[in-house]
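S.K.: Please find one structure pasted underneath; my questions will follow.
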């Protein structure tokens, strides 16, 4: 009697689908010309919003700040022009040929631009973005990104195939550009690079899939151009890529991981990356092939459900209360924190487009295959459905296709609900209220809308050769094809180094020193920060290799299960840049390279400051140092070596400034040179202050001895950059200072009142250090708890709930930043200890000349002159070349 339940479901589906389809139809009719205009407006040289871009250059967005997207990304522009090429060759817009050829010419010029990733022959094709005048972007970025050449080649080959293999433009322009990109893909696919979100350096599912497509399509294109050698190479490497692609699947969780070999970045793996993969490798002739992740395959549908479900519930406020079988807003990945981690228009549209592609394939096949892998996807629409094939003549087929169409339209309806004014599509829309946010008029968002609309209308792209492919029984890990002889391989590593440091490479074959540490090959720094070397390697041989950088851990490129090199400790440093799980690892200042990432969410307020509270909490630190230095210079006579007393206070201000820069950038050099080492230098200044004779003279041996302390620590720390070394050295200096201060306090020459005041400020300053240390460690130990509390308060899941974050959420978010409290308390503690120590030293020889002045309820002290020494006659006498009278004599 299952037919009764199917009939009931079908009737319900029909009742629901018609109103929504009508609404979606009208939205598509109105939005399509807006989206098309949005795409063309961002293309130079005549786009209305192109910001002065060169001919054929596609800007990502006209947004110039928060964020600045006025750049040309190879990936974005290739996907945009794939849409335009498909429209042109499909006869839907015959006016686009000039635009297409302008883009081809621009990309040909960009291929030749030397950039931080290298030259056209040394890795430069993997450069992700350029300035809109076609010059190199030289700022820090997540590079290389290896999907760009594959996507560009795919778009050009699609256009060239339409023109014909013998067309002069195809042979003379397109093929020379395409083979550069395809050669790059064939030689570099098994090297790690950044993913399409530019955050994870590893192997990306999206990148591997589009590389596979480009080489498979490229083999046919090369054959048509009469280049059988390249065709063979591309076919061989495409097979290797297809084999590697299968390793991303999680059989127990039923989804494809977005990235593997991602280093310290730990995420669930659920990512819209994989849905985008399915739609951008769609082949209408490939049926429901799971090997190539076709949209209607059981793997792609199971993955679709897993990814979409990861955004259900309370992650986004706008998704709360939506039924488990209905469409929701989709973001990049659930751990996203970029611009607070919102849904993206292009991701939500991609979720719809995959389903429209699946509907096309089912209609073409005349059946719907349901397997145990995809069963959960279909059970969203019919709880009684079972594994099997449902022909187009069956009631089940009609029921499922109607329900899936309604489901897909639901994603379009969400975009319609939260679209910007006059149909504008930004990058993201707020997870709280759905308002557009981040970059305005994102070209990729407009293109994603158009490709989804076309998929709904069954306007599908041409086949690229995905049909009938099988995974090789033995997977090779790359190379440039089989055969005898050698192949010139260029190795490129992007690395920032300190003065005198070099990058080396060693590997498993004789040409790479056969793992010999003494014979590791030195890379050239000509294109710094890109280091490169070209080595002739035996063709068809799997090669293991590692880049070696002093002060950093080496990287591997071929085998994930490599063993540590047997090298001496002065060559290998097992020290990696550290990123907390789910935290963004780059910003305006580039990739995070620090070995510490404190317990604060990154980039919550602005792209210019990685850790907001940890950064701004240094402002009082700086102010306290300048405050103490000012009064040291004003109140202490020059004859008493006032600069000696002012120096520690200036040092405190410098420590605060260095810490400010470090927490804003999370850069390793800022960490070592501006945050950690200044702590050593300033504490060494205090060490000199308390050990030098009270008249300020000091022996040369003492000065040299104390100066050698920070210099020695600097040399050791740069060679062995482990934070524990810095912490132990700092603790040793502070203990020495404490020991000396105890001796000074016991000096019988001191006035008892002066000793009491000095002890009070020194001891309370030390207590503030201890309190700060305790709060800091509580912050580290319970980081996950505090992060959870802040997040839940901010979302309104606990405490008062409002449409915007509550005051309690903002207050808790501020006061639970333990490391920020460390800055505030240690800054105040330093100021109190420095003032107390200065007062103690000054009153050793001049007991009544100075007082500890403490405004602000005794919190912020400074050394001032006693009132009787502020009279003009006393002032004149004190400011002579020598201080010749004591207080008693006066």
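Quick reminder: no glycine exception, Cβ is built from N, Cα and C everywhere.
Bear in mind that TrEMBL entries carry predicted annotations, made automatically and left uncurated.
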S.K.: Quick check on the annotation: TrEMBL has 819, 823 binding Zn(2+), so which of 663, 726 does it put in that site too?
M.R.: 663
S.K.: Pick from 820-842, 843-865, 866-888: which stretch is listed in TrEMBL under transmembrane segment?
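M.R.: Range annotated as transmembrane segment by TrEMBL: 820-842.
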S.K.: Which whole number is the mean pLDDT over the domain 'CBM20' (481-614)?
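M.R.: Here the predicted model's pLDDT, averaged over the domain 'CBM20' (481-614), is 61.
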S.K.: Decide whether the stretches the transmembrane segment (724-746) and the transmembrane segment (612-633) have at least 3 CB pairs under 8 angstroms, with pairs required to be 6 or more apart in sequence.
M.R.: no
S.K.: Answer yes if the transmembrane segment (758-778) and the transmembrane segment (645-662) have at least three CB pairs under 8 Å among residue pairs 6 or more apart in sequence, and no otherwise.
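M.R.: No; fewer than 3 Cβ pairs under 8 Å.
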S.K.: Can you grab the distance from residue 823 (Zn(2+) binding site) over to residue 602 (Ca(2+) binding site)? Cα atoms, rounded to a whole Å.
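M.R.: Counting only the Cα atoms, the answer is 18 Å.
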S.K.: If H, G and I count as helix, E and B as strand, and all else as coil, what does DSSP give for residue 819 (Zn(2+) binding site)?
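M.R.: SS state of residue 819 (Zn(2+) binding site) = helix.
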S.K.: Residues sitting near the transmembrane segment (820-842): Cβ under 8 Å, six or more positions beyond its termini, same chain?
M.R.: 600, 613-614, 616-618, 620-621, 624-625, 627-628, 632, 636, 640, 645, 648-649, 652, 655-656, 659, 682, 686, 689-690, 694, 737, 741, 744-745, 750, 754-755, 757-762, 764-769, 771-773, 775-776, 779, 814, 849-850, 852, 859-863
S.K.: Please report the Cα separation of residue 600 (Ca(2+) binding site) and residue 819 (Zn(2+) binding site) in Å, rounded to an integer.
M.R.: 8
